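K.L.:
Provided herewith is a single structure, encoded as structure tokens, for subsequent inquiry.
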Amino acid sequence: MLLLLVSVIVALALVAPAPETQEKRLQVAQAPNVVLVASDSFDGRLTFQPGSQVVKLPFINFMRARGTTFLNAYTNSPICCPSRAAMWSGLFTHLTESWNNFKGLDPNYTTWMDVMEKHGYQTQKFGKLDYSSGHHSISNRVEAWTRDVAFLLRQEGRPIINLIPDKNRRRVMDKDWQNTDKAIAWLRQVNSTKPFVLYLGLNLPHPYPSPSSGENFGSSTFHTSLYWLEKVAYDAIKIPKWLALSEMHPVDYYSSYTKNCTGKFTENEIKNIRAFYYAMCAETDAMLGEIILALHKLNLLQKTIVIYTSDHGEMAMEHRQFYKMSMYEASAHVPILMMGPGIKANLQVPSLVSLVDIYPTMLDIAGIPLPLNLSGYSLLPLSSNTSANDQAFRVHHPPWILSEFHGCNANASTYMLRTGQWKYIAYSDGTLVQPQLFDLSLDPDELTNIATEFPEITYSLDQQLRSVINYPKVSASVHRYNKEQFIMWKQSVAQNYSNYIAHLRWHQDWQKDPRKYENAIQRWLAIHSSPPTHSPLSLVHQWLTTHSSPIAVDNKKTFSSYT
């Protein structure tokens, strides 16, 4: 940079930058390197006690001891693409309209990595990104509309396990290991005289596809080797409590049914699914460890801030579900750990944070001024031991986090406000579906909905949620989007529509009576685009009592544009 400035001055070909611009570039040149490792479906509760006792995670424990662990970190949308869109944009889901796994950020959206590159950072990405639109299957483009149509179809295979009986088989998820190797190779050749930012996206511990369940039937196989399974403390695995099907919240019942989890499961099945999931987490930890070890061997560890996080968690049979797509802790709670120069060691931070905080944190690390329109806040003040920094965070960061979900496998747009001891979950327009309220200090398993017992608290939290997001308007907007997308898709496939629709993820149920389901879709398309006026609660009840086929709901949209 200095040579460039000298040549500019000597040649008089360009106007020299202002002194403050030169100062900022010099600050960036002296800034630390950053490595962000983001996995998929990692339950954040495994990064601290007591969850960390169930599986050996040596490199996460290494980061805990030498850095900061955020004890209450949450996804802003518990599904892959929208959550990653929040992380890469620093904005809530409804602000970018990243509604589902098909609809994310625009391809040319300016991410934090783009900003850091513009300010002089060397940048590189490997592995799973999944934050922009159009990268998922047709199913993900059109599946969300099923919540608005009067049928209830299983959209996933029943969760199963698959073991490689090899105590020496360490590399199970080949694609992730290959990307880890690529990241390490890049570190070996990077110019260490300039700061760099490296991103590694891992697929694990996301469940694997289940071809035995049929074409396009989701990913419901928990797959590992004996090498990793031996890292799990089997006796420490907790069998989650379930409500009876008749007692479940209607949205939870819909999710459990579409995820193919309403059948009978033995305790041994449940325990094995959870054990295999934890083993997949152990393999994830090992890849994080390879990056940390490479930084150490290259004498870069002391110059590099390492951040580990995940897009969302994994239900692993809690609340009779697997996958994510829920506001329960298993799905919504994510890991965020940081270590490196300037990061306080062995610090546990109880403040509520979320993935939108990654964007301002990355810029803050680089010394780059933060945009004023971000939904998130830098986590750097919380990683220090000085009370002044912590107080500064508390003054600016609101004492709540927002998460929202608009994708498939749930029959209502869902909004979660997490604040203090409370978790408040609202659905649809706030009237069609009853809300949920949990006191996490007394009910960490979230089994007792106390919304009707504490109406004043419920009302207060709902008003607070509405001050953050006009969720009835957002829900209506998503409802319109779902219908528009389905109509566009139906027109694009023309005469092949029936064949395509029969091979989406619900095809096994669909083929039992395709004419009935096609007629249900036609009735839905015939009505205008306003949200339905009937309650998913009544439809689920009708299905349970008559074994016919109902469900309904609506969806959402933006805060700034929809207030």
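Including glycine, each Cβ sits where the backbone N, Cα and C put it.
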K.L.:
Let me know which member of Asp40, Asp43, Asp357 Swiss-Prot also records as binding Ca(2+) at the site of Cys80, Asp311, His312.
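P.N.:
So, going by the record in Swiss-Prot, that would be Asp40.
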K.L.:
Going by Swiss-Prot alone, which of Asn260, Asn385 is annotated as N-linked glycosylation site?
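P.N.:
The residue tagged N-linked glycosylation site by Swiss-Prot is Asn260.
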K.L.:
Please identify, among the recorded positions Asn108, Lys128, Asn260, Asn373, the one with the smallest Cα-Cα distance to Asp40 (Ca(2+) binding site).
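P.N.:
Checked the recorded positions Asn108, Lys128, Asn260, Asn373; minimum Cα distance to Asp40 (Ca(2+) binding site) goes to Lys128.
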K.L.:
For Asn108 (N-linked glycosylation site), identify the closest of the recorded positions Asn191, His249, Asn373, Asn411, judging by Cα separation.
P.N.:
Asn373
K.L.:
Looking at Cβ-Cβ distances, which residues of the chain lie under 8 angstroms from Lys128 (substrate binding site) while being 6 or more apart from it?
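P.N.:
Sequence-distant Cβ neighbours: Ala38, Asp40, Gly201, Leu202, Asn203.
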K.L.:
In whole Å, how far is Asn260 (N-linked glycosylation site) from Asp311 (Ca(2+) binding site) when you measure between their Cα atoms?
P.N.:
23
K.L.:
Within 10 Å of its Cβ, which one of these glycosylation sites (Asn191, Asn260, Asn373, Asn411, Asn496) has the largest number of other Cβ atoms?
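P.N.:
For the glycosylation sites Asn191, Asn260, Asn373, Asn411, Asn496, the Cβ with the most other Cβ atoms within 10 Å is Asn411.
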